[in-house]
Amino acid sequence: MLEERESKEPAMNLFQKNEFKETPFLPVSPEEVPPRPPSFPKKPSPKICGSNYPLSIVFIVVNEFCERFSYYGMKAVLTLYFLYFLHWSEDTSTSVYHAFSSLCYFTPILGAAIADSWLGKFKTIIYLSLVYVLGHVIKSMGALPILGGQMLHTVLSMVGLSLIALGTGGIKPCVAAFGGDQFEEKHAEERTRYFSVFYLSINAGSLISTFVTPMLRGDVQCFGKDCYALAFGVPGLLMVIALVVFAMGSKIYRKPPPEGNIVTQVVRCIWFAISNRLKNRSADIPKREHWLDWAAEKYPRQLIMDVKALTRVLFLYIPLPMFWALLDQQGSRWTLQATRMNGNLGFFVLQPDQMQVLNPFLVLIFIPLFDLVIYPLVSKCGINFTSLRKMAVGMILACLAFAVAATVEIKINEMAPPQPDSQEIFLQVLNLADNEVKVTVLGDENNSLLAESVKSFQKMPHYSKLHLKTKSQNFHFQLKYHNLSVYTEHSVEEKKWYTLIIREDGKSISSMMVKDEENKTTNGMTAMRFVNTLHEELNISLGTDTSLGVEEDYGVSAYRTVQRGEYSAVPCRTKNEDFSLNLGLLDFGAAYLFVITNSTGQGPQAWKMEYIPANKMSIAWQLPQYALVTAGEVMFSVTGLEFSYSQAPSSMKSVLQAAWLLTVAVGNIIVLIVAQFSSLVQDVIFLLVTWKKELYPP
């Protein structure tokens, strides 16, 4: 969450024009910048309990808490929404997630331009907050399963996310600066403390929302599925509260008028220098000491000198996009990784998208830890820990975090069962007859491809691999039961998982081939299906809005996914009776087959077989990578911003804010490109970004 910090310090008011007598910043041409409006009247503002803190900042801090809750709460479940509601691929989900994040850091330039040049901060916040709320409403509508099909859901989601990006990015440079405007100059110390409280509200909103919204998604069922509409709707409600609270303080705010946008002047100065240099390429024209000196015909010397200093600082921003490319994958690739891990910590069960809560939580711990303990200890050891060295160590820690993430990913893949390749299938046999059956798979020349004896209700330890000659093929099976030999034929397709179910058929036996779930389950949830051996149709209630129907006489149900948990009394109903089944523990990522029988005289029972094993690796193994990347964030992001501000001329600080936000946007674009066009598997993507060399010297 430290990318937010740039707009939380008094000297860091994004795009707010700074007043310095020695830097007039007026271009030679009067048409370049309109005359400055007069300073806003410094009317007295009500104070908090007799202190020097204006009452108006209460509304601003509460507004920021609710807005950050809204943004990070929505974003916490966004990747899984793409993956499991819109049914996009992992690469597409990652790409759109980072495209949205990138857009959120491009739009602050637009918001700052509107505030500085046209509406002022107060009206900009109000108007763009309305756009923000509208985006949440449309986004929540796009998560309602009953509203249209996937195309409509996709359109609503993209429109909603675009409006949210405009809203959150547009108000980003205005809110903190507007809070700073509420203080009188003589209360600079109180203003500094206000920015600390403001920054705390950001991380508090992020911390709570990142923990709560995944629970709303996973623990509440809507229309028989995860409740993404509620998970998006609650953040939308918080944004409405943020807008209402902010508007309530309207009469007591100090509202400075628009002051003009310094960023525009800098861009025009650089553009004029480049174009003027290209126009004067003749060898007869004397060379100038610096390429920016070619702007001297139109812009004042002081502005040109400050822009020169700015370009030197911007050189240090070159590795920033790669850092953000690493950091921002916590909400995409790391969340996807968590879906294939076991969230049971013993004392608590974590949802995959709740792991993101570690970042704001560790930020709140690491900032005072580094400032009060680690940095002083390093200094006492006689080590000159300069800003550049801190930043270099921060980048190294971020790279180490992704090396750890890659190691975890490799271990997860090692624990997973193998996948069938081209012209291969995986087959297991389920014998529901009352005695042992010998199964032989015959080739085209009656040669044996697979032969095994399967006992009644025997749980097979693994699938058997069979090779195909084409993408689809018919296999012949010989089933020996008692003294009978039954021949049957079944068609299969490559890269699929199959179960051959053998059942009694009078005094003989018969078989049916069913396609199994692929060797993965969604969102760390449990997948299950049922085989009903009863002579009546069965309806099973799994705690969702709709029941699962299974036809009589060996009917096989569709798959249903549920949350991990203990299912000791699942309500069931046939035409003649109601009863419950004990399904036991259904674990993370596992897939189960339940056979409903009634052969014991104790009523219907569920025989359970786990054919896709549960996620074995604990989600706690992600803690080291979160700790490393957050430590790197504290050392790199905070130090880098403070260092660049100390080195840049005072008049250029707002331009640096624009450049800083743009590096966040570019970092997300890097991940977007890598995810969209890379054919590598996920662990190789992790390694790819860690191989990028940091550009800061130690």
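Just so you know, glycine gets a Cβ as well, placed from its N, Cα and C.
The transmembrane segment annotation in TrEMBL covers 69-89, 95-115, 127-148, 154-175, 196-216, 228-248, 309-327, 357-378, 390-408, 659-689.
Scored on C-beta pairs under 8 angstroms, the neighbour of the transmembrane segment (228-248) with the top count among 69-89, 95-115, 154-175, 357-378, 390-408 is 69-89. Between the transmembrane segment (154-175) and the transmembrane segment (196-216) there are fewer than 3 Cβ pairs closer than 8 Å, counting only residues 6 or more apart in sequence, so the two stretches are not in contact. Segment contact holds for the transmembrane segment (95-115) and the transmembrane segment (69-89), given three or more CB pairs below 8 angstroms at sequence separation of 6 or more.
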